[in-house]
Amino acid sequence: MSMNSFGHLFRVTTWGESHGPALGATVDGCPPGVPLTAEMIQVWLDKRKPGQNKYTTQRREADEVRILSGVFEGVTTGTPIQLMIENTDQRSKDYGDIVEKFRPGHADITYWTKYGIRDYRGGGRSSARETAARVAAGGVAREAIKMLAPDLKITGFMVQMGEHKADNRDMDQIDQNPFWVPDAEAAKTWADYLDGLRKSGSSVGAMIEVIAQNAPAGLGAPVYAKLDTDLSAAMMSINAVKGVEIGAGMQAAMLTGEANADEISMGPDGPVYSSNHAGGILGGISTGQDIVVRFAVKPTSSILTTRKTITKSGENTEIITKGRHDPCVGIRAVPVGEAMMACVILDHMLLHRGQIGSNQGKIG
Ligand SMILES: Cc1cc2nc3c(=O)[nH]c(=O)nc-3n(C[C@H](O)[C@H](O)[C@H](O)COP(=O)(O)O)c2cc1C
């Protein structure tokens, strides 16, 4: 059984737990000749790493990646790339209270029910530490994409925190605030809002959008390897994600046929679409428009408010979860969503190259 891997040709396997000595990813199927250094991957890990400001968990991890194999003289060799990140700031005693109790909203109860063994330290494998390995693999995917489609750009950002939506899409703002939100006003409102929640020991959910611009037309295949199927599965596999949509997504249910179908006309360089309700994917295959995915992340379940729960032996009790937690998981989920987009897109580029090559349909 292989339940820690994803991808068809660009295949990523992640390993490791929150309080083990290290975690990482084995990346198999990366084309040879891709320039790759640890520094190139580190850029993306630095975006996800904890403790960067008061709005994320205060766990202090350098999240320094080491490449153990698959790279020689600065380029990939085509053999498995082993990436390792050491865990350096574990505090297992913070989790003493949850040895016997299940945190409501967390994976404690299901891990126990399924395996009868639970690594309670930091949530073990259910900890978001695992997402560091995905971000590292995404860094590899981004470098390979650069070789195959140099203009392709992947950008993630937050569009909603709790009930507060971002009204603007000023993409230059994304890197200017701790929430990766493309709206300077929203960043200010969210800062006050989250500060209040954090001090009260509560948490809040969020919505994240990830866009791939300049992706080639033709990625994805009917019917079980649709690009939207693989993207949805990839995003849904991120911890705390409870909803995924492509393009108009759930809103499409409220539209008429005329409002929803993006009209097509011929432009100087090929087809031009009047809108993008399809999120850049029709029939599971990319159209060449922006590929647009949104995902909803639930509020952090480890909170300082007293909650009812049960013990392993079945007694009713109460729990307050101490330790260092993210008040809004959505913030650090942004680079994770970008990494999953990069891995899925590269995977489909390789599949397309393998099956179709340059023998593609032409318009005009
Ligand atoms: C980037 C990121 C950070 C997270 N930080 C925390 C945290 O500090 N505390 C916590 O209880 N859960 C956190 N989570 C969520 C848990 O990992 C997740 O809720 C748990 O694995 C249960 O899985 P589920 O929510 O998908 O059902 C985080 C998730 C992500 C993606």
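Don't overthink the numbers, they just go from 1 along the chain as shown.
Placement of Cβ uses the backbone N, Cα and C atoms for every residue, glycine included.
On a predicted model such as this, the values are computed, not experimentally measured, just so you know.
Look at TrEMBL and you will find ARG48, LYS54 tagged as NADP(+) binding site. Around LYS54 (NADP(+) binding site), the C-beta neighbours below 8 angstroms that are at least 6 residues distant in the chain are ASP195, ARG198.
Annotation comment: TrEMBL describes ARG125, SER126, SER127, ASN239, ALA240, GLY283, LYS298, PRO299, THR300, SER301, SER302, ARG324 as FMN binding site. ALA240 (FMN binding site) counts 24 other C-beta atoms within 10 Å of its own C-beta, drawing on all protein chains shown.
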DSSP-derived class (H/G/I helix, E/B strand, else coil) of ARG48 (NADP(+) binding site): helix
Residues satisfying Cβ distance under 8 Å from SER302 (FMN binding site), sequence separation of at least 6: ARG103, HIS106, SER203, THR321, GLY323, HIS325
Close in space, distant in sequence - SER127 (FMN binding site), Cβ under 8 Å, 6 or more apart: GLU17, SER18, ASN239
Position of peak Cβ density within 10 Å, selected from the binding-site residues ARG48, ARG125, LYS298: ARG48
